[in-house]
């Protein structure tokens, strides 16, 4: 009963199936593939053997040049080997070998010449002296009088290191300098630091002066007992407004020191640094990205606006006008972007920024008395 119902169920399931029967897979015969591959290999091997085999019945090709004849006269006149080659003298510098050789050769002896005037004799002597003069200076003279190769030009990379290596050797083993006594007991020696703070701010768009104020008392460098610069002294300096692209620090130099009692001292542009000792000051940097993006957007809008009115059915006059307008807008956009790129960054140093005066020379002062 169950065996008879099993085929019946299969038929019912086949009738109720929603999907179509899968197509049978077509397979290639392995024997056919092997036979085809072997036949192709045999054919290739036979073609290679046939191409590489010599052909005895083929006629010899004519030579492109004459062989077996006598050598040319120029070739026959050359020496048979290097042993018979003539010995050459020492090499002469550059392309002036012949003039140097001619200058070093002795003058041929001439017969008795008729008497000449003193002027002619002077001209002959000058010509002989010019002819027998040396054309090149020796190496010792060149080293004794070196001349720079790029006077007024840009420095060559590695030129400084090369000059150090090629320079004269200092054979002194003892320094000629001796210790010197302090110029005054009230001395602020080089290497000292004067702490201060900015009173006025700095903006690098325009050059100007800057005002600072000493924030701590400064004593002498020898004993440390004499008060030389009291707290509250004023500092006057200058800053550099020539800012290059990528620069983040402002160069600052101090020119004058004014004490609270009215006395002052010229500082001769002593350098300024930050609290960590780095040269210059760094605070806020404005790269003018807004102006650059605005110029780029303007250039894009002008270029797109010139192309929007283009049509395939325009006349020659309209196309010429459109092309001229497009080129003009393109140039205007490029000029706007170029001006935005040429704007240097604006560096701003806010008031109150800590600053240090780096003493580069000994300062002779006096004890402060208010």
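Going from the start of the chain as shown, residues are counted 1 onward.
Just so you know, glycine gets a Cβ as well, placed from its N, Cα and C.
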Range among 10-31, 32-53 that TrEMBL annotates as transmembrane segment: 32-53
Range annotated as region 'Disordered' - as stated in TrEMBL, picked from 69-98, 99-128: 99-128
